[in-house]
Amino acid sequence: MAWTKYQLFLAGLMLTTGSINTLSAKWADMFSAKGCHGNPEHAFSHPFVQAVGMFLGEFSCLAVFYILLCHDRRSPEPRMNIGQSFNPLLFFPPAMCDMTATSIMYVALNMTSASSFQMLRGAVIIFTGLLSVAFLGRRLAPSQWLGIFVTIFGLVVVGLADFVSGHRDDSHKLNDVITGDLLIIMAQIIVSVQMVLEEKFVYKHDVHPLRAVGTEGLFGFAVLSLLLIPMYFIHVGNFSDNPRQVLEDALDAFCQIGYKPLILLALLGNTVSIAFFNFAGISVTKEISATTRMVLDSLRTLVIWVVSLALGWEQFHGLQVLGFVVLLTGTALYNGLHRPLLARIPWCAARMNLDDKGSDAERERLLNDGRVLASEDT
């Protein structure tokens, strides 16, 4: 069945805004401007300020939810399922995981390329799969285990590509690239904990996805904004790139924005894109399918890589192509995207029914919960 114009619009919106989210964050990192108190020009390195902007974008999903709810209630036949009543504090633990992981990833984005950043986020399926077996008692299908092992191999290939490129790339030092890659993988462990917490304590309440994203954004925005105050006084030495060498200098960030307003445009691109990305992703799941959403989320890695090459932000490396293909294959296997092809082969179809009995409904339920597995996007 051919897609409607509205479905094509949603798919394009998700792919575009998802790509802009990472590219705009990297664009902000590439600026240099004067700081406060006459500090000379230096790089815009404020990952925690960027994370606050990202959570503001997620928080805006809560406003979208209530706008849609008001519009639905005015219609003759309300159709919007708002879910059960719940305690908003249920979202606090996963929101803190999201806040920690997002902050770490923005720190890492300063150290490595945008394409490697997006590719390495695929590691989330490894830790999500293992934690779901350990703490949720889920039985993974053989294809999901294969997807995990393929993903591990893909991560090794991407890491090797970064190691090789680190010797030839003047924009990032080799030590920074390796540290950045490790931080991204570390952040995926925290994201996996977040997903397990959400499934165990939150999803049983049937909360609307926009409401869930918005509530977590509210907690993340409020807590991280408050943490910017002590971060202003915590000295971390050479680990920080700001003049005062503190964990985060929000005042310096605002001064740099004042001297170079284009930085604000990059930050707004990150904030607005994450809001539209979440809305488009949830709409794609509803209007088309959860499988389409996963495919589009994987394709944005390719878009980010191609745009980064076109803008001259990074150099072409054949190993990255191999790593992307391997990671895409691992993600496809884990999420069952191979099944429609194998279902056309009678022997394979019968075998899959035996191997994956009971796992399909569980996988589809998780996908339709409205969360992109590699998420968040961040």
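Every residue, even glycine, has its Cβ placed from backbone N, Cα and C.
Record features, source TrEMBL:
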TRANSMEM  48-69  transmembrane segment
TRANSMEM  89-108  transmembrane segment
TRANSMEM  120-138  transmembrane segment
TRANSMEM  145-165  transmembrane segment
TRANSMEM  177-197  transmembrane segment
TRANSMEM  218-237  transmembrane segment
TRANSMEM  257-282  transmembrane segment
TRANSMEM  294-313  transmembrane segment
TRANSMEM  319-337  transmembrane segment
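Remark: the transmembrane segment (218-237) contacts the transmembrane segment (48-69), by the rule of 3 or more CB pairs under 8 A.
Of the Cβ pairs linking the transmembrane segment (120-138) with the transmembrane segment (48-69) and spaced 6 or more residues apart, fewer than 3 are under 8 Å, so the two regions do not touch. A Cβ distance under 8 Å defines the sequence-distant neighbours of the transmembrane segment (294-313), meaning residues of its chain 6+ beyond its ends; these are 11, 14-15, 18-19, 22-23, 26, 30, 113-115, 118-119, 122, 171, 281, 284, 320, 324, 327-328, 331-332, 335, 337, 367, 372-374.
Below 8 angstroms of C-beta separation, residues 93-94, 97-98, 100-102, 104-105, 107-112, 116-117, 120-121, 123-124, 126-128, 130-132, 135-136, 155, 158-159, 162-163, 165-166, 169, 371, 373, 375-376 of the same chain, each at least six residues beyond the ends of the transmembrane segment (177-197), sit close to that stretch.
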